[in-house]
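Working notes for the structure below.
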Amino acid sequence: MTKPIILTGDRPTGKLHLGHYVGSLKNRVFLQNENKYKMFVFLADQQALTDHAKESELIQESIGNVALDYLSVGLDPKQSTIFIQSQIPELAELSMYYMNLVSLARLERNPTVKTEIAQKGFGESIPSGFLVYPVSQAADITAFKANLVPVGNDQKPMIEQTREIVRSFNHTYHTDCLVEPEGIYPENEKAGRLPGLDGNAKMSKSLGNGIYLSDDADTVRKKVMSMYTDPNHIKIEDPGQIEGNMVFHYLDIFARKEDQADIEAMKEHYQRGGLGDVKTKRYLLDILERELAPIRERRLEYAKDMGEVFRMLQEGSQKARTVAAKTLSEVKSAMGINYF
């Protein structure tokens, strides 16, 4: 029986943080280890260039860092094909063919793109590559005939646009060579969008309000101890608010089942007064370190031989290119432009 295919990835614009870990990485490792799927995981450097065109050095540096993060959380190149987007030229060619099937108006209506354009403050200077990156994503997904794509809820419009492109292509060229993907969305809304340590709506590399998978134990401790709690909880005996308190928000996400009773008791104690923020932060720190310590240890080990890390990426890219080339050939045959 053929295994369903999963495609997932990240933009290499910096090291990955806890938001990436609970939002996608942890689930990827789970899906990989279930051994029910054929996994493709990629570093979307071409997509990163759509809004970092003048920061190619950052992207180059981030390739190695993100690869280390992948390996340290448990992604295994023997079980998952890990590759670099720019090393698969077939993806760019597929994008060109798909762009002929999507109107500019449709691209401009994509809610995800509209939101990101506003957030990035492009104004009238929107890079054309950024505007069409949903088409590039469709090429990434369809090149590997992915059945399933794990994404955040904010990416639903991107999946739908890919499905539209697939239907349009298959209808236009009377073929079924492209596969309509389904999105896999987070069940835990809190985990799907982890807030920053400062209470900002999202943990973000650009805002510097996150805990990175590469942070050492002392850095993690300092960041946890500076987390946003209840600004009105000045004295230990004061009643405290749980809502909007990042320490309790993180506890809800990272705690295991066996921790739940203790956390509920802490919440009640905090709300009636008599429990200080330092104690709750230390409790959270222990829980985070339980998760981060083995990741940190593996990362340090892999970092000793970056040559081997890049050999892994090269081998994965070669494997991925073979698959993408086969799909491209099928696409060109359907279009009637496979001349030789």
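Using the three backbone atoms N, Cα and C, a Cβ is placed for every residue, glycine included.
Same-site candidate for ATP binding, as annotated by Swiss-Prot with Arg11, Pro12, Thr13, Gly19, His20, Gly152, Asn153, Asp154, Lys202, Met203, Ser204, Lys205, Ser206, chosen from Leu31, Leu194: Leu194. Shown in sequence order, Leu18, Gly19, Val22, Gly23, Lys202, Met203, Tyr250, Ile253 are the residues of the chain, 6+ apart in sequence, with a C-beta less than 8 angstroms from the C-beta of Leu194 (ATP binding site). Counting other Cβ atoms within 10 Å of each Cβ, the binding-site residues Thr13, Asn153 show the lowest value at Asn153. Under DSSP, Asn153 (ATP binding site) is assigned to a helix (H, G or I) in the three-state scheme. For the motif ''KMSKS' region' (202-206), the residues of the chain that approach it from at least six positions outside its boundaries are 13-15, 17-19, 193-196, judged by C-beta separation under 8 angstroms.
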